[in-house]
Amino acid sequence: MASNPTKTAAPTGGLNEKKHDRRSTSSESVSGTAFAEHADRTGTSNQNARLEASKKIANPLAGLSPQRLEAMGEEYAMMAGLTSEEDIRAFRLGARIAGDESNYDLIPELTEREKEVLVRETTHKWSNPPMLYWVVVICSLCAAVQGMDETVVNGAQLFYKDKFGIGTDSQRDTWLLGLVNSAPYLCCAFIGCWLTEPMNRIFGRRGTIFVSCIISAVACFHQAFTNTWWHMFIARFYLGLGIGPKSATTPIFAAECSPPKLRGALVMQWQMWTAFGIMVGYIADLAFYFVPDHGIGLGLNWRLMMGSAMIPAVIVVCLAFLCPESPRWYLSKGRHQDAFGALCRLRFEKVQAARDLFYTHTLLEAEKQAMSGVKKGNRLKELFTVRRNRNAVIASSGLMFMQQFCGVNIIAYYSSAVFRDAGFSDVSALAASLGFGVVNWLFAIPAMYTIDTFGRRNLLLTTFPLMSLFLFFTGFSFWIPEDSKAHIGCIALGIYLFGMVYSPGEGPVPFTYSAEAYPLYIRPIGMSLATATTWFFNFILSITWPRMVTAFKPQGAFGWYAGWNIIGFLFTLFLVPETKGKTLEELDHVFDVPLKKLVRYGADQSLWFFHRGKNGKGMRPTAPSAEMYHGDAERMNEVVSEMGPTSGEQQLGEGEREKRWNKEREREGGIMGRGDAAGKV
């Protein structure tokens, strides 16, 4: 939970700051230049101050003595109005545990029961009160709502596109079919995602989930009663008002209610149960296929398919307020007693609840310090002007883009049509789509283990080439003669193999990566941008596929997205640093690195991989970090100063300084290519 309190955070200015120092002391500087540089340094200083404050959130209690922690706990309990002797004791001990969880035996005031429960948090992390698992059930149902919202249209469009007069291969009809199917994601990208913050502020986590599921239920019900393509477009468009806030709020709700050691696994449940909802959507399509019309105009079966997605949404609406609200949200509203009451329902002992509440309160105070004096517009600007933030935007938004352009949702939304074009009957196409849903769900389960074991970057570097291979295989299988059994078999095999490698890789990684990539003072804006990115390109993919498969044929359309997976591999190799197991302070070091260093590391890593494969030798390159970079910068100043100026130069340019430094490192045997990826500055 805590980072090393003695570790000093590296400055984020690096060589540029030293360059400013030299310029400001130059005898040739003019007053206007000096003023501009002073303003630049002042702006950088303010940005760095916020980053430093954000780093403190990694361990706001570092270095405090047990006596000081206990006093702080008692002070907080009195301030919060929790004045009973039992509550004051809980906060006194809870604050001490929050600062140092290393040895509970050193706290004699703890009862044996309290010690046992605290130890079991580590040894049996899945041992928790039933109410916590009730929260997990609610969040899982929300994910299932999401999955069904996305996939019931897969089978229903086999019918309604003909009923609505948009079922031909003409340019008009293919674009209109894509527009109708993609309507929720258009709404998510431009409206739904950006409603998340105000809805959470007004309604809370439970309230946002409640309202968004009501919207989803009403929209699904509306879809079942549409009679024209534009009427269906309207119903599906405002479905996005439910999908956007729900998709952003539910993982946050799960994280804020969970114990720290269980948080990652519970947040990962979102992807797994979304995959489950996708599978249930396919089941609904198949179950309602044979329902007769019973005199219903334009058919009944597709209406039941579209309306069935409201069932899990209605269940969530009925159950949402039976679980406690997020304690963190209560704290943000100053409702400390409500927050403590909620945590007591989510933990076995009051000491646990007091520990988590005190620590969360301390984190919120650190966040306020990080965001003090920063307007929302300035935070949006710093998302792109501060290198540490800009690199996070590039990595997270790129992965969110690739989550769509890896091609998974052409299968999720259009697999029944793809299988029918491959020669399947309608029923067989729906059954084959269900098979993909089962594969997608089953292979999402191991992701809870692999994402923290193998790491985000390694999973992507492994799965992107495989996804590309399987999409090429699927597309090229359409060239197999249709009278051959291999035609259908190879197409289905390629799609299933694609689902197997997508589910533990590009499925869970983008949301997990984006949630941890940004410093806390801009994280809400960063996550809104990331989710808006994925929903926007989801819209682009959904609206273009019907026209693309008509123009490019299946071979070219699948080959198009196979090519994007190759681009995704290169993007990950050169621009996506690893974040597995990093504290907030370490993540600042990971992202505050010049892009050319990340690109150079990716190149060295690929060369090392092939070099090792050839002769089994070579040292693994070291991932660059700002701490290493700035440390080398300081050492470079010392070495270059000892070497002295050349050719009468009074000051060396940056290029000459780096050449001298790299020459010195090469002499010492430490440059890249000899095992140290951060050898050059």
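Just so you know, glycine gets a Cβ as well, placed from its N, Cα and C.
Here's what TrEMBL has on this protein:
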COMPBIAS  16-25  compositional bias 'Basic and acidic residues'
COMPBIAS  654-669  compositional bias 'Basic and acidic residues'
DOMAIN    135-580  domain 'Major facilitator superfamily (MFS) profile'
REGION    1-49  region 'Disordered'
REGION    642-681  region 'Disordered'
TRANSMEM  131-148  transmembrane segment
TRANSMEM  175-195  transmembrane segment
TRANSMEM  207-225  transmembrane segment
TRANSMEM  270-290  transmembrane segment
TRANSMEM  302-323  transmembrane segment
TRANSMEM  392-415  transmembrane segment
TRANSMEM  427-447  transmembrane segment
TRANSMEM  459-480  transmembrane segment
TRANSMEM  486-504  transmembrane segment
TRANSMEM  525-545  transmembrane segment
TRANSMEM  557-576  transmembrane segment
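Counting Cβ pairs under 8 Å to the transmembrane segment (525-545), the stretch among 175-195, 207-225, 302-323, 557-576 with the most such contacts is 175-195.
Across the domain 'Major facilitator superfamily (MFS) profile' (135-580), the model assigns an average pLDDT of 90. Distant neighbours of the transmembrane segment (270-290): 139-141, 143-152, 154-156, 250-251, 254, 301-302, 304-305, 308-309, 312, 412, 416, 426-427, 430-431, 433-434, 436-438, 440-441, 444-445, 447-448, 503, 507-508, 511; these residues of the same chain sit at least 6 beyond its ends, with a Cβ under 8 Å from one of its Cβ atoms. Through the fold, the transmembrane segment (207-225) approaches residues 138, 142, 145, 149, 196, 199-200, 232, 235-236, 238-239, 241-246, 249-250, 253, 303-304, 306-310, 313-314, 316-317, 320-321 of its own chain, all at least 6 residues removed from its boundaries and within a Cβ separation under 8 Å. Spatially, the transmembrane segment (302-323) is not adjacent to the transmembrane segment (557-576); fewer than three Cβ-Cβ distances between them are under 8 Å for residues at least 6 apart in sequence. Panel annotation: around the transmembrane segment (131-148), residues 209, 213, 216, 243, 246-247, 250-251, 253-254, 257-259, 266, 269-281, 284, 308-309, 312-313, 315-316, 319-320, 322-324, 345-347 of the same chain, lying at least six beyond its termini, place a Cβ under 8 Å from a Cβ of the stretch.
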